[in-house]
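Q: Sharing a structure, written as structure tokens. Questions coming.
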Amino acid sequence: MRNGTSANGTTGHAPIARRLFGTDGVRGVANVHPMTAEMALQLGRALAYVVRNGSHRHRIVIGKDTRLSGYMLEQAIASGISSMGVDVMLSGPLPTPGIAFLTESMRADAGVVISASHNPYQDNGIKFFSRDGFKLPDAVELQIEQLVLGESGLEEFHALRPTATRIGKAKRIDDAIGRYVVFLKSIFPKDLTLDGLTIVVDCAHGAAYHVAPAVFEELGAKVIALNVKPDGKNINDGCGAVHPESMAKAIQKHRAHLGLALDGDADRVILADEQGRIVDGDAIMALVGRDLIRQKTLAKRTVVATVMSNLGLERALAGAGGRVVRTAVGDRYVVEEMRRSGYNFGGEQSGHLIFLDHVTTGDGVAAALNVLAVMQREGRPLSELARCFEPVPQALVNVAVKERRPLSDLPEVARVIGSVEKALGKDGRVLVRFSGTENKVRVLVEGTDGKRIRAQADEIADELRKALG
């Protein structure tokens, strides 16, 4: 049985088990444990405690998306940080990769993003970046978690109360949006423009509602901006990367050359070609990876993907002399493998794309700019470029569960998975894993017969519901 990170072909270390932190920070329903103001304050204190190193005046950047609860959590975590004698710099609504960029460029000691990414507005989350713009390693998150939960280092942590003259200050960052827009435009080749192109941009009423339209307009495109009026409750509501259908329809209505749908914090993107056909993260990795191979700029001719990526990605890259290295699910693990092994491009099927020569984390706008650069350089539409990727049929079922028992402790589930794997043989694969952000088990079956694999995925899901539901 291939279960989570133990799936064949994966590299790197298994994620460290933690109680608060998932694969993308701490996440939950706003104002319900652990996503409360009290917890945010303690997380801020613990982060400030961990990053204090040296005698300089320490600073931490805080950004957020457009959720109603962002105001509450922003003030709470800022209070926790400043109570430890560390200054706070507030960006307001800005994409997650924008906070990573500002953290590094402003020489801050850490960055904080308040967002639940593609989740509905009722949820929120808190994730941390180190001073170099990369997500904090699992081990550092564990250290923060232990401080918050009272498991280690308590005496010094609780005793550290700076005097009134040493309490941290908080201030707004001047033109955070403008700084990030300038950076994104610098990624696009200087000898190219977007003149003559019409682009549909779905911002999901999220953090990129100012940034994304500005970038493409300033590079010369005519922009059809969708879902750019956040009200605190409409983020990701029937729009954005999880619901790209309206973006695809707008392409046909406006006869656009390309469409892109971002999620709430704009760290992922789903594209659609000029005919309104969806182009997901795997297809983007295939076409961009092949282009980088042609340009001789793909490090070690390797793209880093996760165990969820389609087998069609491996075949598309193999046809151009490239290969795929797989990791556990989560863009943080893709980035860790890229840094560890010297790779420069990778991502996830869901649309997290990391161009490590330019950015430190998934960046939806940067990914779209890289695809547009290929289109302009080659003089070919996205529909033609995306033909290099032929997906193998996949069936994905998400099973809501009440408990997270090890799958190895569920003999009937193991028996059904083994039976399906035997039936698939070398023409497919099975992946069963717990979600890192939700109380769900994800069942993925890949094979040549779409109807058959759907039935097989449902069979496994039914057994999981009996055992854990």
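Cβ atoms are placed via backbone N, Cα and C, with glycine included.
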Q: Could you look at Ser117, Ser408, Ser419 and say which one Swiss-Prot places alongside Asp263, Asp265, Asp267 in the Mg(2+) site?
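A: So, going by the record in Swiss-Prot, that would be Ser117.
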Q: For the recorded Mg(2+) site formed by Ser117, Asp263, Asp265, Asp267, which further same-chain residues have Cβ atoms within 8 Å of the site's Cβ center?
A: Asp65, Pro95, Thr96, Ser115, His118, Gly206, Ala207, Ala241, Leu262, Gly264, Ala266, Arg268, Gly362, Gly364
Q: If I take the alpha carbons of Asp263 (Mg(2+) binding site) and Ser117 (active site, phosphoserine intermediate), what is the distance between them in whole Å?
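A: Rounded to the nearest whole number, the Cα-Cα distance is 6 Å.
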Q: About how far apart, in whole Å, are the alpha carbons (Cα) of Asp267 (Mg(2+) binding site) and Ser117 (active site, phosphoserine intermediate)?
A: 8
Q: Looking only at Cβ atoms, how many others are within 10 Å of the one on Asp267 (Mg(2+) binding site)?
A: 35
Q: Measuring Cα to Cα, how many Å separate Ser117 (active site, phosphoserine intermediate) from Asp265 (Mg(2+) binding site)?
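A: Rounded to a whole number, the Cα-Cα distance is 5 Å.
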